[in-house]
Each structure stands twice: as C-alpha cells, then as structure tokens.
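Engineer: According to Swiss-Prot, the protein carries these features:
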- Arg277: active site, proton donor/acceptor (ACT_SITE)
- 16-19, 45-52, Glu360, 376-377: FAD binding site (BINDING)
- Glu117: site 'Important in orienting the L-aspartate substrate' (SITE)
Amino acid sequence: MSEFLPQRDWTVIVGSGMAGLMAAMTLAPQPVLLVTRGALGGETSSAWAQGGIAASLGPDDRAALHVADTLAAGDGLCDEDMVVGIVSSAPAVIDALERAGVRFDRDAGGNYVFGLEAAHSRRRILHAEGDGSGAAIVRALTDAVRRTPSITVLEGTEVRRLLTEDSVIAGLACAGPNGSFLLPASQVILATGGLGGLYDATTNPSGNFGQGIMLAARAGAILADMEFVQFHPTALSSPRRPLALVSEAVRGEGALLLNENGERFMAAVPGAELASRDIVARAIDREILRGGQVFLDARQALGSGFASRFPSIDLLCREAGIDPARELVPVRPAVHYHMGGVATDNKGRSSVRGLWVAGETACTGLHGANRLASNSLLEAAAMGMRAAQDIAGRPAPAARSAAAVSPNATADFSPADLAAVRPIVSRHLGIVRHAAGLAEAIRDLLPLAERNGPASDPAVVALSIAVFAALRRESRGAHFRDDFSQKDAKAMRRRLSLNDVVTVAHEFSSSSLATAGFARSA
C-alpha cells in the first residue's frame, strides 16, 4: 500500500446507489465519507431502474395488502416481521425522498399516479419521470449529497478488502486513481449493489459481481439465501450487453406475451402475464429452449401511446430497430436481482461488529425466495435510513490509528477479472438447475476461489451461489431444480460463512451431491 488516508471520525459508506445515498443523507450532519467505484450515482442498478417504488398509499390500498402480496411472492421464505416493518415504512421513505428533491409523478389534480406491476393486487408503484424513475431519483439524491457539507465523496475508488482487528472492522484497503491506500474506519456501511455481472445475460451493470458480498464474506460475515437469483422475464433480446430491460409495467398496462406462432402462452397460468417473475421467466425460458422466440405485444394495449408512457423503453427499442407501437418486441429472461446476500438484522447490522449492509448487497428476509416488483428501491431506501439511524444513535467509536490495522493489510489486491467465472455461472446457475451442473460448477469454481488471482473475488461469490443451490434440494421461488421440482413442506432459510461454503464445496467435490448432508439453517 502506498499510503494511509488520515484517520477521521466519519462513517464510511461504500456504494452510491439508493441505499448508500439515503444512508449518507440520513447521517447528516454527522461526518460521512462516501466511497464509490465510478462517478457518484453512476453505474448503479438504482439509476437504471425503470420501475418505481412500491408504496401502499392509494385510496384503495393499505399496508396489509402490500404485506400479503410480498409474502405470496416470497414463497414461504420471507421474514414476516421484516416485511411488515419495511412495507410500513413506505410513507416515511417517500417523504424523505421528496424532501431530498425527488418529484414523483402526479395527475392534474396533484394526486400520485400509481402503476401496476406483476403480483401486486393494487396499483401502488410510484414513478418519477415515468420509466426513468431510477435515474430521476438517483439524480435528485446525488444533488442533495453534493449540497451536504458533512458528506465527503471519494469517486473512482474501489474497495478491495475490509480490514478487521479481533473480528471488528478496522479499515478498508482501497485502490484509487493515484494507487493503493489504507483507510482506517470503525463504522462501515456496504451498499455496493447486486451480482448480475457474474452472468452473461443481465440487466445490471456488467462490473457488478457482488463486491459487497465478497468483502463482507472475506471479513467473516454470515451470508444468507445466496441461491435465490431473480431473472427478469423481459429483457430486450439483442446482442447488447448488459441487456436493456423492458419493465413489467408494460405488461401492467396490458401488453401480452406471444410465442413465435403468435400464441399467448401465459393465458392459462394464474396471473397470466402478471404472474410472479419466476413463473413468467421459466415459461419464457421453456419457449426459447423449444427453439422459438418470445415477443412482447404492446400494439393494442398502448399503440401510439407507448412513447409517452414509456419514453426510455421506447428509445431502447428504437435503438434496436424496433417500433414498439407497431411491432413485436423480442424478449428473453436476464438476471435482474439477487434476493440473497449478507445476512442482516432489522437495523442493517451484519454479524461483523462495525459493519452494516443495505440494499441488494444485504439479505434482510424481505424478499424471501422471490422479490415482489418494485420492493427493491423501497428496501434500499428504508434499510439505508435504518442503518444510518442505528449508527447515529451510538456513542462515537474510539479512534483507531493506522497502526491498528492488521499487518497483512499492506498487501495489494488484484482487480477482479470475470472472464473465467462468467461462463461457468451462466451455464450452471441459471433459471433451471440440476445436481450434475451444480457439481460441475462447484468443481470449477472452488480452485478459482481458493487462489489469489484476479478471478478469486468473483469466484467466491459464484461458489457461494452454487453451494447454497446444491444444498437446497427442492424448488422454491426463483430457485428451480429439475431434479427436485417439488417444494418441501417446510420452508427453511440457510446461513453460511465463507468458511462453511468452502468446507461444503470440498465435501461436494469428494462425494456425491445426492448424499452430501451438510446444512446450517437460520
């Protein structure tokens, strides 16, 4: 390492999506250092979100209905207390966002305009600037952060490791434009987003491989429910990477899914085009595996009104040479969200002292086995705020000097390289899984994860998904195994440390998946 950044009594926030930005704003006027890999708010899934924020604020809606929809989508694995708490926090979240400068869409009478998305029983999705909601929200929050004197922003800086002393957070090993440095810190909030970049077909920023999960796991944090990876049913099918998302709000306005014969294949399924994402994604995947294409037909439902209702999607379609008002839109599933992550409590605390985690990096139990549409931005904002409030209510930690950082922290860490990992993950950890594929994934990923090379960090995250998936010998929510296609009578969440993951991986590598019996449950 080339230098130490001087010690300050600030809280360090890693990541500048919704969770990180809301945590920073909530902590003000306490000092915050916000560290972000790119530009503030840039290259974040939050900024790319076309959907809005689910909030049961409509005249025909109430929190209990939103809770019921969330529990149904989660397929038996939701933490009901977390669901009730986060859903009930929606009014406070919306108020905080509006005070920060977000302007949600309203009608001529000044009332909120609510959209409908899959598996919601009511129109309860709030948008800002239509299908550009994520960009509008993040833009308002980044402006607010830059206006706040207590927040220092460090852009273009990647955190390579969390440093601990006696299992307590002591600092961060970072790499920036001027080289590597150590950043002493005793309070860290990880909010680095998801892991879609592990897959070839994703709607996430391609560089997002689960950095926060890796950092926390290497620091000793417990992981939860890592097998649950959500595939959005309708990404625009094209050579573009990452794939462009076609929000399910389009289906909420009446667009239909057709196979290449022009047949509506979702009509007989409960919920039809607005069934939960796992069901729709598997149905589309089956059609594609039969050798066909799948199309979204918005011609009758929206027609010439498509561009005004969904300007961002209209532009993406036209860039691909498609006029969605007059033509069918080819779609395919793509990785969109990860329900698992670093296990946290209702205040965002991880199992490592001094480490809080919020947003998609965390696993709170809100989503269970399958996320309900537009609950992610709600959770990110709510848990960013909760983590900040928990830190703000604590006594100031004792200052740690650079000398307190462990001696092995002076080693440089290689930047991540996904080239060796992405093909394995895309082939074996997709929409449909089975024992042989999971065994091959574990066999190929384990040596990569145990080495110190550039593939090691993404391989740690990918191996965790594979091990959790191999241990779950049932199909539930977004996790589907064609060799265990039924759901167990008893729902069980699972929590493992990285040491547990590696131990299980070695067991699987030396024995049959069918007889391996290691399982640590929540």
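Note that Cβ sites are derived from N, Cα and C of the backbone, with glycine treated the same way.
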Engineer: For Ser45 (FAD binding site), which residues in the same chain are close in space, meaning a Cβ under 8 Å from its Cβ, but six or more apart along the sequence?
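Structural biologist: Looking at Cβ-Cβ distances below 8 Å from Ser45 (FAD binding site), excluding near sequence neighbours, one finds Gly17, Gly134, Gly193, Gly194, Gly196, Asn204, Pro205, Asn208, Tyr337, Glu360.
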Engineer: Taking only same-chain residues 6+ apart in sequence, whose CB is under 8 Å from that of Ala47 (FAD binding site), what do you get?
Structural biologist: Gly17, Gly41, Gly134, Ala135, Val138, Arg139
Engineer: Give me the Cα-Cα distance between Gly51 (FAD binding site) and Glu117 (site 'Important in orienting the L-aspartate substrate'), rounded to a whole Å.
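Structural biologist: Roughly 9 Å, rounded to the nearest whole number.
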Engineer: What number of additional C-beta atoms lies within 10 angstroms of the C-beta atom of Ser16 (FAD binding site)?
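Structural biologist: Other Cβ atoms found within 10 Å: 31.
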Engineer: Please give me the CB contact count at 10 A for the residue listed as 'active site, proton donor/acceptor', counting all chains in the structure.
Structural biologist: 26
Engineer: To the nearest whole angstrom, state the Cα distance for the pair Ser16 (FAD binding site) and Arg277 (active site, proton donor/acceptor).
Structural biologist: 27
Engineer: Quick check: of the recorded positions listed here (Met18, Ala49, Glu117, Leu377), which one has the Cα closest to that of Arg277 (active site, proton donor/acceptor)?
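Structural biologist: Of the recorded positions Met18, Ala49, Glu117, Leu377, Glu117 has its Cα closest to that of Arg277 (active site, proton donor/acceptor).
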Engineer: When a 10 Å sphere is centred on the Cβ of Glu360 (FAD binding site), how many other Cβ atoms does it contain?
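Structural biologist: Glu360 (FAD binding site): 34 neighbouring Cβ atoms within 10 Å.
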Engineer: Among the binding-site residues Met18, Ala49, point out the residue whose Cβ has the most other Cβ atoms within 10 Å, with all shown protein chains included in the count.
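Structural biologist: Counting Cβ neighbours within 10 Å, the top one is Met18.
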Engineer: Can you name the residues of this chain that are 6 or more positions from Leu377 (FAD binding site) yet have a C-beta less than 8 Å from its C-beta?
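Structural biologist: Residues satisfying the criterion: Met18, Ser46, Ala49, Gly51, Gly52, Ile53, Ser133, Gly134, Ile137.
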